[in-house]
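In TrEMBL this protein carries:
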{"type": "BINDING", "residues": "B:162, B:188, B:199, B:287, B:410, B:415", "note": "substrate binding site"}
{"type": "ACT_SITE", "residues": "B:199", "note": "active site, nucleophile"}
């Protein structure tokens, strides 16, 4: 379900440059598999990482670096930043060799770009448990450096793909403080997608001048409402990473320092929009997906209860196969509500497909006709509405269907 | 994966009689879809029901009846019991009409067998949200009554099937107190299977003389260690029911009243064995299953943590598709451990396939060869061992793989 019109045009973010290369990390067909991204001196960065208990080496390294940068203890002043990403090997569960690889690549990138290694973030996505041949990445760094180009973000989006069927990009421009700020982002991810950041890599760039703590707060908040609200298979990756770099090069824009200012609100809204767009693209590219589904839960006793119901529904194999079969089998939604662990009362529960009320007050809705439900299910984009009738708790989660193609992709991904 | 040798020979349980009929509840092909089971006067019954928040009408009714029987407030003294089961319609989310159907059928069964309606348990399995045409069940009751036969339990096992590919039965005989006690059980279930009793119906019969509270305690305990340790798709049904009836007709056996006695222990062990056998059969018949998989977690900080890891692994679509693809993709097991929410330390984690150590101390095990893992994965029965290296917590869960056939069955089950 690639977006119509293909990869979008992205604005140039002054102070950020990009390059991609085919390093043969795992693939031998000459496909792009390494991306380098550079942020000029004076930039700020914020990041969000997977909460998996078996986080990959680059994630553990990134967490440490971010903490030192955020607390000003990185000791590298106004130096720029770099992000180096490889696809094909996740460098996860690779023991001491794994952190050694991150260290070696960070050092090599830093040397070439004149950036301290503590300002170089690495991300890796792909197979878990196989040593990363990091020398193959180091071998292409000189070429990457000479290719760095402010317009090459689409090539980076290509390079970070694994099972993705299309490269993902989104952007926004927002007028603030007498100038215009631009945001451009890319993402990868299509399986092992679940809240708490799935096998998802997201890189966002903006020319906004903004303090690091404020940028971090905005990114964390938006991440909770976008990437942490999508699920393809309920599986959480060991490698998820979102990094947002702000170069501060937008002309005529005063530095954002106050979260409550109109400018900061406008910027955060635009950032949230770009992240939501990318998150939806990840779901649309869910492995084998043929439907894009919004699960909207209202009337729960609490937001947390609403989220339990939304995720139980979005992750239920029986709901997801009914979606694939275009079957308005709302009984499976009742089942999912029942198993969610949230408080529910059968006789107050209402279930809707789009504007169609299917069930209410413990029974099929008066006037509901199976053929109306069946016609609705043929759409590519579906909204499942679940109202628990108990309180004000709400939650929205986006997901896709579970198809034969998911099995095909995942039953023979590695061997 | 039907058991070799087909449906097992089951011992006759004196005091219990069975019958099955084709009532056309949903199916119109003349297949058996209603089963009647009768327990003689003086029997005791125990039961376990689904914990879903959207429990079906027969489940809510059964819970109430059991509570009254257990507290002696049913007011029906030594009257016998009956169980009436239909397949094809779950009578779930059917509002007031749903409980009306249960009441009408219970009354009709009770009248024919001379049993108070409060001693008649009903179970329904099949589609959720469609009114049950209970008059079709009532219409076959006279025939069922005249067919009642102590040897007809296999016919009942046939009648309660929905998507099951084979009927499930198991039995045991155990010598206690100078006599022999017999246990015979049947079950149905193959999808919507997850802990807390899935779309699973289980009926157990024994001629043991045993007090109700003791039987209930044994059944609950064994259920936690058998049916609540299996998962096919992580989905929990609205209808799960396990009922165990004890007729007390075994000759020369003293009444079981003391849980600590050798006789009670021997009986409980046999009962547990029959339930475990049936639970395993449900997994083996998991929709589309080609592998029977034991996930054995040790070394967790607590039993609860071990269970989290076992279920996260057993329910992971990526692990289950790797099993289907016979791919020793242990990285997905690392992922599942990481997302489980249990405490884990990458550098203490060990992963085994059968006796083969694949990963330990944060890396692939020395001497592990991919071809050994690949060879192991070709077996029909697999044991995944996960040791967290942190404590004494343990858990075992049984599951199956996720195949194209699961999608085929569930993407077009109803419409």
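For all residues, glycine too, the Cβ spot is worked out from N, Cα and C.
Keep in mind that TrEMBL annotations are predicted by a computer and have not been checked by a curator.
A map of TrEMBL features onto the structure.
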{"residue": "B:162", "record": "substrate binding site", "DSSP (3 states)": "coil"}
{"residue": "B:188", "record": "substrate binding site", "DSSP (3 states)": "strand"}
{"residue": "B:287", "record": "substrate binding site", "DSSP (3 states)": "coil"}
{"residue": "B:410", "record": "substrate binding site", "DSSP (3 states)": "helix"}
Study note, to complete from the structure: Here the 10 Å Cβ neighbour count for residue B:287 (substrate binding site) comes out at 27
Exercise for review: Among the binding-site residues B:162, B:188, B:287, B:410, say which ones reach under 8 Å of chain A by Cβ distance, listed as they appear in sequence.
Suggested key: B:410
Review point. For the binding-site residues listed here, B:162, B:410, which shows the highest count of neighbouring CB atoms within 10 A?
Key: B:410
Study note, to complete from the structure: All chains considered, the count of other Cβ atoms within 10 Å of the Cβ of residue B:188 (substrate binding site) is 29
